[in-house]
2 protein chains.
Amino acid sequence: MSKDVEQQFRELIKKISNYNEAIGVLAWDLRTGAPKKGVDQRSEVLGTLSSEVFRLSTSQEMKQYIKELRAETVWGSLDDVTQGAVLECEKDLLKLEKIPEKEYSEYVILTAKAESIWAEAKDAADFTLFQPYLEKIVEFNRKYVEWVGYETNKYNTLLDDYEPGLTVDIIDDVFGQLKDEIVPLLKEVTSSSYQPKTDFLFEHFPKENQEKLSIDILKSMQYDFEAGRLDTTVHPFAIGLNPGDVRVTTKYDEKDFRTAVFGTIHEGGHALYEQNIDKKYVGTPLCTGTSMGIHESQSLFWENFVGRNKAFWEKHYDKLKSFSSGQFDRVTLEEFYDGINVAGPSFIRIEADEMTYSLHIILRYELEKALINGELEVKDLPKAWNDKMEELLGIRPSNDAEGVLQDVHWSGGSFGYFPSYALGYVYAAQLKSAMDKDIPHFEQLLSEGNLTPIKEWLTEKVHKHGKSKKPLQILKDVTSEGVNAKHLIQYLKTKYHSVYKL
Amino acid sequence: MSKDVEQQFRELIKKISNYNEAIGVLAWDLRTGAPKKGVDQRSEVLGTLSSEVFRLSTSQEMKQYIKELRAETVWGSLDDVTQGAVLECEKDLLKLEKIPEKEYSEYVILTAKAESIWAEAKDAADFTLFQPYLEKIVEFNRKYVEWVGYETNKYNTLLDDYEPGLTVDIIDDVFGQLKDEIVPLLKEVTSSSYQPKTDFLFEHFPKENQEKLSIDILKSMQYDFEAGRLDTTVHPFAIGLNPGDVRVTTKYDEKDFRTAVFGTIHEGGHALYEQNIDKKYVGTPLCTGTSMGIHESQSLFWENFVGRNKAFWEKHYDKLKSFSSGQFDRVTLEEFYDGINVAGPSFIRIEADEMTYSLHIILRYELEKALINGELEVKDLPKAWNDKMEELLGIRPSNDAEGVLQDVHWSGGSFGYFPSYALGYVYAAQLKSAMDKDIPHFEQLLSEGNLTPIKEWLTEKVHKHGKSKKPLQILKDVTSEGVNAKHLIQYLKTKYHSVYKL
C-alpha cells in the first residue's frame, strides 16, 4: 500500500519542484535583460505558475498523502529522502492552510505593487510615499503571526521561515555579543594612526578584463561552468535552478574592481552550495540550501575567509595586475591586502565592509522585532533608523534614501530575512574554526591556488545535505556547538588588529 | 448565461497561453546558453508544462465551453476574438483528443533529449548515432497521422499543423513549377561567362562591429528593442513570447559578414510579425503568426526583397564600409550587390542563396513525404538524401554533417515544417507584387532608408491579424490569388539574369 502512496507523493512533489524551476528560470530572465514591454504579461505568467504551486501544495491529494505517509505503520519503511520531504511539505501545509485565501491574494498583489512604489520613494528619498504600503505589509505580517501562532516572541514565527530553529533568544544573545565587541573595535580602527591606502582601488579597470578575471576565479573555486553561467545584472545574485544549472550574475564597475571580484566570489560561494547538493534530492523540496543563513555562510566563507585572505592574493595578485591598467604596479601585496580590507562606518549595507556589516543587520533586526511586536509603528521608522545608525555606527543619514529606504526587502514583505545575513558571518567563522582542524594548511592551499580541498570539505559538511539537515544540526555535526559568536569576534579582532597595525 | 461561459473560456485559454509563454522562455533559454548539465532536468520541466497544456486543452471544461459557445443561440453574440479562439481550440482538441497522453508526454521528453544527440551526431558526422532517436520520432509521427486521420495523403495531416489549408496536391504543383524553372536557371547561372567577385565577402569583419551594424539595421526596420533583445546563438532564431517580448538571435562569423547581416534581417522580419500582432489577441491562441509559411514570407521579404536589394545598399553601403576593416574600399556598389547575390549549388541549406534555397526544401519535402507514407525508412535516409542532392543540385555530400544531419528540425519532430520555407519565398514574392501596387516607389524608400511605410503595409496586411486569418485567406485578401509560384519565378529570373548579365 504505502509504496503506491509514496510514489504518488514523490510524483506530486516532483511536479511542484518542476513548476518552481520554471518560475526560477523566468525570475532569472526578468533580472538579466527581459524587455520591459513584456514584463506585465510575464508577471501574469509567474502568477499562473505560483498559483499552481500553491494549489498543489495545499491540495486534497497532498493532505491525504501526508496523512497516510505519517502513519506509524508506514513511516518507518520510507527512505530518508521521502521522510524529509514529507516533513517539509507538512510544515508548509500547516502554515499555508492557516492563511485566509482572500487576504493572502490581496497581499500578493500589494507586495507586487509595493516594489515599484518603494523604488519611486527611494528615488525621491521620501519615506512618506512608501509608508502607506509598508503599513499594510507590516499589518499583514502581524496578522500572519497571529494566524500561524508563535512561541515566546512574535518575531520567532517570521524567523522560522528563513532560519528554522533560530529564535529571538538565541539571536539577541549572539547579536548582543557582536554589538559589544564590534562597536569598540570600529572605534579602535577609525582612530588608528595607520590607515590603509585606497586610491588604487578606484582607478580604471577595463570591464572585459574584470570579466576574464571573474571567470578565472570562479574556475579556481571549482565552480562548474558546465552546470552554470555568468551574466551581468544591476543587482548580482546566484540562483539554483537544479544542481546542473546554477547561475551567477555579477556587475562590472570600471571605477572599483572590488564590486565584480568580491561580488563574483560571493555569488560563486552561493552557487557552489547549490551545484553540490546530492542528486538524490532532485525533485523534492530538500534540493536547495537549508536556510538563508547557511547559504550566506557559504558566500561569505568564500568572499572573506578565502577572497579577502592575504594568502589568496599571493596566488592571484600577479594575475590581477596583468588584467589591470597598471594601477597596482607600485602597490605591494601588503598594501593591496590592507586596501581591500579597509573598514569604517558607512550608510549603505551592501557597500559595508566585513567588520561593520553585522551592525547594519543588527539595526534592521531590532527595528523589525519592534515592528512585529507592536513596539514601533511604521511612521516612526525613519527616526528610529537614524537614531540606531548613530548609536551603532556613529553616523546619521541625511535622507531616507541612504537610510530607511535603501533595501528592497520590506517592500516584498521579507520580515525575518535580515538576521540571516549576520548569522551567515557567524556560521562562516564557526565553519572556518572547524575546518582549521581538518585542513591546518588552509593558507598554504590558498597561496598555491589549490581550492579543491576547501570546496570538498564544504561539500561534505554542508552542500551535499541540501535542506535535509536544519541549520542547527549542521552546526552541531560540524562544530559540536550551537550558534557561537566568539569565532567571528576573534577572527575580526585578529584580522583588523593586523590590518590596522593595532 | 453565455457571458459567463465566455469569460470562463477566456480565463482557461489565458492560462494555457501563460503556460505556453513559460515554455517559450525555457526554450529560448535552452538555446541561448543554458548549461548542459541542467538540460535533462530542464527537459522534465518542459514535459510537466507541456503535459499541463495538453491536459487543459483536452479537459472536460474545454470540451464543455466549446460545446456551449458553439451553440447557435450563443455563437452570434461572441466577439470575433473569442470566435477565432474557439475555432482554434476546437481544431486542436479534435487532434489532441486522439493522441494517447502517455505516448505524447514520452514524445515530448524524447524530442527534448534528441536535440543534443543530434548535435553530437552532427559533430561526429555520424548519422548512426542519431538514427535510433529519429526512428522513434518518425514512428510517432506515423502513428500521429493514424490517430488523427488523413485525407488523400498521410503527409497532409502534418502539413496542416504548419500550413493549414495547404495540401500535397497544391505543393506538388507549386514545387514542380519551381523545380522546372530553377534547375535550368541554376545551370544558366553557373555557366555564365560573368561571375561576381566574392573575395571581399570573406575578409575579416570584427564581431563587435557586426553587432553594431545588426542593431542599426534592426532599428531601421522598426524592430522595437524595448519589446525585444538580440542575443547570439549557434542557430539563429526569433521567438515571440508575447508582443512585448519578441527576441532575435544571430551569429557572428568574422570571415563572412553576410551570416550576421542577412541572418539578423531575416530574424528581424519574423520578429516584426510577432511584435505587431494586435494586442486584442494576447492571451488567446490567435496571438502568433498564422503559419510557418506566412512567417517565413515575412523574414524572407525583409532578407531578400529589402536586404538583398541594390537600393537598400545605396543607403547602407557607406555604413557597412565604416564598420568593416576596409575590404570594401575598392569595391563598387554594383560589385558589392552582385557579390551578395552570388548563386550556385551548395550543401548547406542555411547558407544557400535565394535561387537554390527552394531546391534544398524540395529535397526535404520529398524525403519527408516518403518517410511518412512508409515509402522510405530512416536507415536509408543518408543515401536517399545524397541521391536527391545530386539530382537537384548536381553535387553529392561527402559526409552526413553536410548532408542529412545538417538540420535540427527532425530532432524536434518537426515533420511537415520544411515546405513552409519554400512557400515563404512564394508568398513573399506574391506579397511584393501586391505591395508594388500600393507602394510603387518601393526602391526609392529603400535608398532613402525609410522602411517605415513598408513595415506598416506588412503590419496592416499581415502582422496585425495574428492567427485570426488563415494563410490562404491572407493571400486572397492581399493578392486576390491562391498560392502562385509565378511571381517568385519571374522575380528570380529577372534578378539573376541581371546579376549574371544574361
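Any Cβ shown, glycine's included, is placed from N, Cα and C.
No curator has checked TrEMBL annotations; they are predicted automatically.
Features reported for this protein in TrEMBL:
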ACT_SITE  B:Glu267  active site, proton donor/acceptor
BINDING   B:His266, B:His270, B:Glu296  Zn(2+) binding site
Output field, Zn(2+) shell: CB within 8 Å of site CB centroid, site B:His266, B:His270, B:Glu296 dropped: B:Ala238, B:Glu267, B:Gly269, B:His295, B:Gln298, B:Ser299, B:Leu300, B:Trp302, B:Glu303, B:Gly424
Cβ contacts of B:Glu296 (Zn(2+) binding site) (under 8 Å, same chain, 6 or more positions away): B:Ser420, B:Tyr421, B:Leu423, B:Gly424, B:Tyr425, B:Tyr427, B:Ala428
Coarse DSSP state, helix versus strand versus coil, of B:Glu296 (Zn(2+) binding site): helix
Those binding-site residues listed as B:His266, B:His270, and which of them has the most Cβ atoms within 10 Å of its own Cβ: B:His266
Under 8 Å by Cβ from the residue listed as 'active site, proton donor/acceptor', same chain, sequence gap 6 or more: B:Pro236, B:Phe237, B:Ala238, B:Val248, B:Thr249, B:Thr250, B:Ser299
